Amino acid sequence: MAAAQEADGARSAVVAAGGGSSGQVTSNGSIGRDPPAETQPQNPPAQPAPNAWQVIKGVLFRIFIIWAISSWFRRGPAPQDQAGPGGAPRVASRNLFPKDTLMNLHVYISEHEHFTDFNATSALFWEQHDLVYGDWTSGENSDGCYEHFAELDIPQSVQQNGSIYIHVYFTKSGFHPDPRQKALYRRLATVHMSRMINKYKRRRFQKTKNLLTGETEADPEMIKRAEDYGPVEVISHWHPNITINIVDDHTPWVKGSVPPPLDQYVKFDAVSGDYYPIIYFNDYWNLQKDYYPINESLASLPLRVSFCPLSLWRWQLYAAQSTKSPWNFLGDELYEQSDEEQDSVKVALLETNPYLLALTIIVSIVHSVFEFLAFKNDIQFWNSRQSLEGLSVRSVFFGVFQSFVVLLYILDNETNFVVQVSVFIGVLIDLWKITKVMDVRLDREHRVAGIFPRLSFKDKSTYIESSTKVYDDMAFRYLSWILFPLLGCYAVYSLLYLEHKGWYSWVLSMLYGFLLTFGFITMTPQLFINYKLKSVAHLPWRMLTYKALNTFIDDLFAFVIKMPVMYRIGCLRDDVVFFIYLYQRWIYRVDPTRVNEFGMSGEDPTAAAPVAEVPTAAGALTPTPAPTTTTATREEASTSLPTKPTQGASSASEPQEAPPKPAEDKKKD
C-alpha cells in the first residue's frame, strides 16, 4: 500500500504544481499605484489547469478573511474613555454627510495623480446632480444605481505605457469641488478619492524552441520585444468597467480604533474629528481574462463608470477580498495567484447554484479534515511499523523519485513560493520514510573524497527474510516492461512536438508529464504483493480510507466545477485502483483468531487466557492457566492456519482429565 499513498501524494503535488508553473497575475487591490502584476507568457508550455481543490482553497481562504474582519466588528467600538492627545478621552465621531443628504457627483479622468485642472472640460467625464445619500430606490432599475459610458481619447503618454487616473468628488448640493472657487467650496462638504484605473502586468517571455529543429511557434514581434526589453516586460492593461460605491454607514467610529483593513478607507477630518463618507472603488468582479494591453494602436478606450450605494456588511466583504495575503511579507513574486485561480473563484461564485456552492464548501472542509487525518495516520503508521512484511519498499523509493521530479520541475518553472515549500516538505517526509524501510547509517570508514562520511543503505531483516522482497522485485520487473516503453514513447513525442527552454527543461518536463499521465501505474505493485500473499492485513487501512474518501471528493469537484477532461480521467483511474484494493480487502478477509506465518494473531492481548482444571492431591480441581500465544494487532494478522495446541503430559500417579479436543482447522481463504 506504500505505492498507493506515494503515487496519490505525488499526483496531488503534480497537479498543484502544474496550476502555478507559468507567469501569473496579481490584483491592484489598494488605492493609488500598486506593484506591477504579472501576466501569463504568450507561449507557455502546455500545462494542466488548476484543479478543483485549488479553487476551493481560494474560496476557503477568503471565507477565513471575511470571518476575521467580522470578528473585529463583533468586538464593538473602542470605549470612549481611551486617552487621546493631551490625555483627553477620545469620543466617537459622526459622518459628515448625514443620511438623506443631497449631493453631487463629479468624475474626472486625468493622466496626473494629483488633479487640479477643474476648468478643463475634456477632463470632466461624468457629472450627476441631486443624488441622495442612502437612497436605494432611485435610478433606472430602482436600485439606487446610475451609470455613464463614454469613449476616452487617450494621450500619447498613456499609449506609451503611462498611467491614467480617475478622480471622484462628492459634494453637498450647492457646492463645487474646486478649492479656487471660494464661494462654492467647503472643505467639510467635499469628499475626494482617486485611483489609477489601468493595471500594470508583467508579461514573461520564455525563449522556447524545438530542440531538434531549433524552430519556435512564438510570435516574431514577441521575440523582438523580448530582445529589446528582456524576458520580463511591464505592460499597461485596461478593463472597461469600474464601480464607484459610497458606503451607507453612520457607525460612530473612533479615530485610531478602526480595525484593519477598514482603517485605510475611513478618513477623519483633522479639525472636527468627524469622518467623511467612505468611497470604495469596486473592481472585484472584473475578470483578469477581460483585461487587454494598451498600446499605440489604440486611439481611444471605452469606459463604463457605475455609481451604487453599498451596505456596511457588503463593504466588509469587499474590503476583506482586497486584503493582501499574509504571505506577501515574502514579496509579491513569491506568493501570487494565477489569472485562472482568481477568475475561477469569481466564476464559481457567479455561476454556481448557491445550494451547490454551500454543499461544495462543506465538502471542502471535510476534505481538509480527511487530508489532515490521512497525513497523521500515514506518519503514525510508518513511525510505529516494526515489520515490512507485505509492504512494497521499492514503491517508497519510487515515491521519493516522483517528489524530487516535481520539486525540480516547479523550481525550473518559477512557481510561487508556497507551492515550493509544500512540495519540499513532502520530499522531506518521503526521505524520512526511507529510514523506516531501510537501515541507514554513516559509513565513516569509506568517505567521499576522503572527507565526507558515506551513507550506507541496507535492507531490513524483516524485508529480506520474507517472501515480500521476492514479490516486490517481481512486481517491479513486470512493471518495468510497461513503464519503460511508455516513457520512451512519451520522451520521443515530447522531443518532436513540444518546445522547451533547453535539454534540462526537456528532461524535467518529460518526466513530469509522464508521471502526471502514467503515475497511477506505480500503485499496482502493492496490488500484486497482496495477491501473492493472499492478505491485506499489513496495509494502513485508516490512511487508505481517508485518501480514498478524498479521491471521491475530488471526483465530485471535478464534475461540479469546470475541469479539463484529462484531470477527470485521472480521478477516475485512481478510483479504479482504490476499488481493486477494496475488492482485495473483501476476498482476503482477516480472521483475528488465526495465527499467521509470523506466529502472531489479532486477538486482544489483554483478554483472559483459557484455564484447564487440574486435580490436586486431595482430589479437588484447581484452575491452571493455559499457555498463551504471542499476539499482534488486527492489521498485522495473516490468513495462515493456526498451530495445534500441545497436550500436557499425564501424571503417572495421579489421574488427569483429558485435555479438550483442539478446534477444527478453519478453511483457508
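Backbone N, Cα and C define each Cβ position, glycine as well.
Note that the structure is a prediction, hence the values are computed from the model and not measured.
When the topology recorded in Swiss-Prot is consulted, Phe381 and Ile451 turn out to share a side of the membrane. Contact between the transmembrane segment (503-523) and the transmembrane segment (391-411) is present: at least three CB pairs lie under 8 Å, with pairs separated by 6 or more positions in sequence. When averaged over the topological domain 'Extracellular' (412-416), pLDDT in the model lands at 74. Take the transmembrane segment (391-411) and the stretches 355-375, 417-437, 478-498: counting Cβ pairs under 8 Å, 417-437 has the most. Listed glycosylation sites near Asn295 (N-linked glycosylation site): Asn161 (candidates Asn119, Asn161, Asn241, Asn413; Cα-Cα distance within 10 Å). Each residue contributes its Cα atom, and for Asn119 (N-linked glycosylation site) and Asn241 (N-linked glycosylation site) those atoms are 26 Å apart.
When the topological domain 'Extracellular' (499-502) is classified with DSSP, helix, strand and coil residues number 0 helix, 1 strand, 3 coil. Listed glycosylation sites: Asn119, Asn161, Asn413; maximum Cβ neighbour count within 10 Å falls on Asn413. Residue pair Asn413 (N-linked glycosylation site) / Asn161 (N-linked glycosylation site) shows a Cα separation of 27 Å.
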